[in-house]
Amino acid sequence: MASQPPQPPSGQPDTQYEEYQSEVITETTNRPTPAADVYEITPTNDVMDDRYEHEHDDYESGAMYETVRTWSPQSRPELVRIASVFSRIDSHPDVAPTTEDGGQLNRRDTLAGVKIGDPVLDPTKPEFDFYKWARMFTHVMEKEGIKRNRTGVMFRNLTVLGSGSAVQYQDTFLSPFAAPFRPGELCGKGRNPEKVILHDFNGAIREGELLMVLGRPGSGCSTFLKAICGELHGLQKKKESIIHYNGVSQHTFKKELRGEAVYSAEDEHHFPHLTVGQTLEFAAAARTPSKRVLGLSRKDFSTHLARVMMSVFGLSHTYNTKVGDDYVRGVSGGERKRVSIAEIALSGAPICCWDNSTRGLDSATALEFTKALKIGSQVGGITQCLAIYQASQAIYDIFDKVIVLYEGRQIFFGPTRIAKQYFEEMGWYCPPRQTTADFLTSVTNPKERIAKEGYENRVPRTAVEFERYWKQSQNNKLLLADMDRFEAEYPLEEGHLEKLRETHGQAQAKHTASKSPYRISVPMQVKLCTVRAYQRLWGDKSSTIATNISQIMMALIIGSLFFDTPQTTDGFFAKGSVIFFAILLNGLMSITEINGLCKATDPIVPNAQRPIVVKHVNFAFYHAYSEALAGIVADIPIKFLLALVFNIIIYFLGGLERSAAKFFIFFLFTFITILTMSAIFRTLAAATKTIPQALALAGVMILALVIYTGFTLQPSYMHPWFKWILYINPIAYAYEALLVNEVHGNRYRCATPIPPYGSGTNFACAVAGAVPGEMSVSGDAWVESSYDYSYAHIWRNLGILLGFLAFFYFVYLVVSELNLSSASSAEFLVFRRGHLPKNFQGSKDEEAAAGGVMHPNDPARLPPTNTNGAAGETAPGGSTVAVIPPQKDIFTWRNVTYDITIKGEPRRLLDNISGWVRPGTLTALMGVSGAGKTTLLDALAQRTTMGVITGDMLVNGRPLDSSFQRKTGYVQQQDLHLETTTVREALRFSADLRQPKSVSRKEKYEYVEDVIKMLSMEDFSEAVVGNPGEGLNVEQRKLLTIGVELAAKPQLLLFLDEPTSGLDSQSSWSIVTFLRKLADNGQAVLSTIHQPSGILFEQFDRLLFLAKGGRTVYFGDIGKNSETLLNYFETHGAEPCGPSENPAEYMLNIVGAGPSGKSKIDWPAVWKESEESRHVQQELDRIQSETSKRNEGHGQSAEKEPGEFAMPFTSQLYCVTTRVFQQYWRTPSYIWGKLLLGLTSALFIGFSFFLQNSSMAGLQNSLFSIFMLTTIFSSLVQQIMPRFVTQRDLFEVRERPSRAYSWKVFLLANIIVEIPYQILLGIIAWASLFYPTFGAHLSSERQGILLLYCVQFFIFASTFAQMIIAGLPDAETAGGIATTMFGLMVTFNGVLQKPNALPGFWRFMWRVSPITYTVGGLAATSLHSREVKCAQNELAIFDPPSGATCAQYLQKLVEAGAPGKLYNPMSTSQCQYCPLSSGDQFLGGSEIHWSDRWRNFGIGWAYIVFNIFATVALYYLIRVRKSSGRPNRIISVITYHLSQFGTYCRAFITGRKEKCPRKREQIGKIY
């Protein structure tokens, strides 16, 4: 029955409204001026530390002058400078006298009650006090007349619209074929309906106020914060929406003062190779004002502020530590979050919006962060809005105002102290010990809120009813009145804007536009970003050095390949090849500037650093084009040095002419080409949104650039439909210039005169450009005849290259500035077609789903009791959890110690930890940050892969066996799942492989359905996991992670690592209460817990609490209302816990958690000597004794199904292969990307080399067309490896430790699934390339052989990619190695340098290159028995002796077996001799023979088999043995000998004759 429209309660005291009205009037009418506001507001909040109140008292009463402490010689210069600034403050007229020893007593600042030299002002000292420092610094700024902007924000009728549906359908490989049958979707109808995200918000936030934003995930908190800062990016505000900042419209404010309102996103984006100090000093320098206290230098000012923020947020110890990311080792996740917070704080913005910035922080650190915000607001007048999950009461009390959101609707806005009363008067019940923030959020959750008795039919239920109630309330009327006063005080006019402009202009550097939002000029921005680029290079110098070394190695290889090239006509092709290689390698080495994979590890990768640049542009640190220009400037010297070394090697080693003038021209063109191609790749990366887009375009572009350089396809043989590419190809102009530069003015001895016995004018050289009767050929004539090149074009080409360079640099800078924002869209679920639940609604009525309003005495809401017999209790969703199998095993651990070695020094992470987990108990594992909670969990779950673990870990008194890991469930903190699978499929996969084979599949799937009901996942059981924002949300992913482990039916216990991390309080409550019910039904559970509220904490039975260093603080029962736990701490000297205080936060506080936390008591030592600790050891003895007796009674064969895995090898292979096939099928972007790459590349090659004639150049072009097909190899490999890594990450992080299936199954499944798609790709490439190139005249036998070779080549590519990536950590590293190996394979395949021209020491490479046999088989099949018809410029034309015919004159040559053919045998002049007569003769020069076609085909399959075996071997040696903790023998031996080699080399260099230790026993230890 629908409820009546809710009305505000009447007849009750309305004191809250009177207080609110009084407060509003006081704030608006008696508000102090900005200057007074800075110095008169005092920290009156109850949660502020007592020291702040004492400091304020000290300020009011004044204090006596004292002798100043001497500054430490180690103090940083900027701190001494700041101190000297403070010493000149005239806040008190008195000056202390001079002491007897001549030292002057400095003036004391009575404003903050500190003296110069006091360590409370030194951020490098532990005594540093941020509150005193902030008041002192603000006072100094005031005395110097330095202004800073202060502004509030008012929003009226704020409505934000987005596009997107609540549900989408998953695309598959066949989706493009089905699209024509869905015309509605094809035309876009209904695909992106307009969606209201925020509905008609109103509010005013005065300067210096803190606003807490509360709401469940998806309620619009992030959108609200973005709207306040004007960073909607794709979302739209309604025209009626008004947002202004003290009278300045948002449009004007964001245009001129962008950095004055900043938004801190939930995710962190930083350059991982920068240190914390460099990151924060950069932020401080970018926002350093032009006018600083008493002329402090920019460097001193920015460094000091960075140090202050590092001290405030507990980062001082990380100054020289890399920030890091998921791939680069650096600071911890919590510290990285604090770096983001400090970066925002250094922006100096008067309006800051923080989106869940306390995520990943423990409660003590979160409280410290909030206190710092409060100080910034009180002292600096900063207006701050913070969306926060799981806020403690102490955090809530710091805020001034709160806004509550419910499904995008505003249901409250006002002072924090009246919010709870507002909802209680509405009719909602707040349970004891529930924090106010949790209560306010819980009223928006139908499953959690509790109605007071008598209010069941009066309280609002839906979001619309809550909103209606709010708009009719007296609080809303007062708010609207306050907004009217705000607008009257700050009308929309230019007055306040001019004040903001004036203050902003005071902070701007010289030569900065007055209306620019930036504080520093463009040259200063470029300089700052350039310095940062070099810092990043230095931070990742190993990668930079490795890249440069690989380039130099390639130069050595290519140069040596053409070493000692003859200076004859036989060297023409080699000269063209080496110049082609040189210009190509120089030009394409910059392609790495695209492939950063969004990791920001490369300082020159635009796409990788885009999220960081977008953030910094929004903070008004710098223009995007300034960062782009800085990347160019920083890169030029590095490219110059690399180009110099590279080109010196390849030029002089490759046999090019040793002329200074020609070398410098060569170097000039190659260097300009490097810069031009770099500009092109940068532009391509900046113009695209994603890395795959950029790489796809780059692949096609590179193919076009290579083919139309002029070497692989000569200009005269280019077809008109693609010849235009030649004229826009920068490499083509460089190639022409280098080739004519090399041969200009030179004559080359003829190597093949026709006939060799000719004299006078009766012979000719068989090369283009030859003149009859001359034994040498002009280089200029050769290039003009062969390529239509001219030396006169050389400087013209330089001008064209410089034009290309300038054009693409300009476009790059423009695109970098314009192509920054990314569209925002609403979150949605993704379903497979035909599997959308019938009752699914985009925004369903949760009230109906919850079954009405809960009552205070509702059993579903009361904390569950710890009774193992409650088998029929219901989970939150109403379904039973009685399907949990009964458990009797007890897991114990005693004196567990974990030691690792870091940089050669031992470090103890866990120190003698003991405990146990019984069936039916829920045990919490807590501790301060860095205490080793996850480390202990990994150690107990047998998931560590390094270090030494000692101690006893037993199950029923027995040591752990090989089945332990598959009998336990481990819910990891990271929700790792395959993005293409559905929820039900993920659960079934776990059940299939981890439940014993004795259980039928039907029973397994029935149990999966029970798990789905237990976790209330029915509504999204057929939803695809997807990615965040496009798939399951955070809570749903966490439920799936738990469900996957439950589906395995863990027989022993369930481990959980931070199951509530990143969730809101209501979602956390759901998870923990579900764990409680699992424990009540007999499941043993051990869980680390993050920021638990008092109510959550009460759900646990026992607690294991750790201090830093992995030392035990407490292990034992928690007790009712935490009495047992609190009694222990209070008995041993801790202050009593307050009645309303959260016990979890209480414990963290007393042990000294948080950045500035300290404890006077050594709690681990107290525990070690306590009676409770001795009782733990006695209980462990008793458990072990009892279980040992039980074991003896049951014998030693309790294990019914021993073994590492639950299912046999064949079952594993079937399940895993099926899942990988599903993943590929449901990833059409990957499959179609692969197929389109092959199709477009093959068609482009085919029509570029369309039906080449039978001339010598035509045959060479046909061979090049086959060669160009092999260049697809690298792009294919780069596509395959990331897919392999995705599967491997999931396997190694979650599925292998759980013993779901074998690593051999993982490898075989991935190899098998790639093969069908590679076969299809081979068929497509065969049809697209060989028909356009050779026509349909080839016999069916030859066409079949070509098809077989194409299929084989693509299968080889997939197995090669898997071999390379198998043992390497990431796709980037493997990609670099694969590219190098591919370069060697194509270099030595006999096409670019004939095998007989290879130096002797490189000939073996021609034989081991797999491409040799692929090219050989394809070329032999295509060109066998093809007649050669020389073009006019290829003929040797000469006159026979007088009276002789051409046939008579050449009879001796023909009898000697010459391969050529005479075209006019009876002529007596102008004999035309073609050096070749058949394609087999042409191929013979490359040692390609028709008779070897099947041999080559067999060798190709041998390489494929080798790749498969090498994949297995490398994975085992590098990753399996490493993960098992056993030493890798081969790597150890290599490392040992390398280390001894280094010792011997050092001895040789220093002149000490030390013998290299080679004792057998030393090496034997390794084996």
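Even glycines carry a Cβ here, placed using N, Cα and C.
When Swiss-Prot is compared with the stretches 384-404, 636-656, the one noted as transmembrane segment is 636-656.
Considering ASN149, ASN548, the record held by Swiss-Prot lists ASN149, annotated as N-linked glycosylation site. There are 18 other Cβ atoms within 10 Å of the Cβ belonging to GLY930 (ATP binding site). Summary of the ATP site environment: with the site residues GLY927, VAL928, SER929, GLY930, ALA931, GLY932, LYS933, THR934 set aside, the chain residues having Cβ atoms within 8 Å of the Cβ mean position are THR935, LEU1106, LYS1108, GLY1110.
Cβ neighbour count for SER929 (ATP binding site): 20 (other Cβ atoms within 10 Å of its Cβ, all protein chains included). The Cβ neighbour count for THR934 (ATP binding site), using a 10 Å radius and every protein chain shown, is 16. Remote same-chain partners of the transmembrane segment (691-711), defined as residues 6 or more beyond its termini with a Cβ less than 8 Å from a stretch Cβ, comprise 576-577, 579-580, 583-584, 587-588, 591, 594-598, 607, 680-681, 684-685, 718, 722-723, 725-726, 729-732, 735-736, 787, 789, 1229, 1233, 1237, 1240-1241, 1244-1245, 1248, 1268, 1271, 1275, 1278. By number of Cβ pairs under 8 Å, the transmembrane segment (661-681) is matched best by 571-591 from the list 543-563, 571-591, 1345-1365, 1372-1392, 1498-1518. Packing against the transmembrane segment (798-818) from elsewhere in the chain are residues 606, 613, 623-625, 627-629, 632, 668-669, 672-673, 675-676, 679-680, 682-683, 686-687, 730, 733-734, 737: each is 6 or more residues past its ends and has a CB under 8 Å from a CB in it. For the transmembrane segment (1257-1277), the residues of the chain that approach it from at least six positions outside its boundaries are 695, 699, 703, 706-707, 712-714, 717, 1234, 1237-1238, 1241-1242, 1245-1246, 1248-1249, 1321, 1325, 1329, 1333-1334, 1350, 1353-1354, 1357-1358, 1360-1361, 1364, 1375, 1378-1379, 1382, 1385-1386, 1389, 1391-1392, 1411, 1414-1415, 1418-1419, 1422-1423, 1426, 1428, 1431, 1434, 1476, 1479, 1482-1483, 1486, judged by C-beta separation under 8 angstroms.
Panel annotation: around the transmembrane segment (636-656), residues 537, 544, 548, 551-552, 554-556, 558-565, 567, 571, 574-575, 578-579, 581-582, 585-586, 589, 662-663, 666-667, 670-671, 674-675, 678, 742 of the same chain, lying at least six beyond its termini, place a Cβ under 8 Å from a Cβ of the stretch.
Sequence-distant neighbours of GLY932 (ATP binding site) (same chain, 6+ apart, CB under 8 A from its CB) are TYR898, LEU909, LEU910, LEU1106, GLY1109, GLY1110. Around the Cβ of LYS933 (ATP binding site), a 10 Å sphere holds 23 further Cβ atoms from the protein chains shown. Note on the binding-site residues VAL928, ALA931: the fewest other CB atoms within 10 A surround the CB of VAL928.
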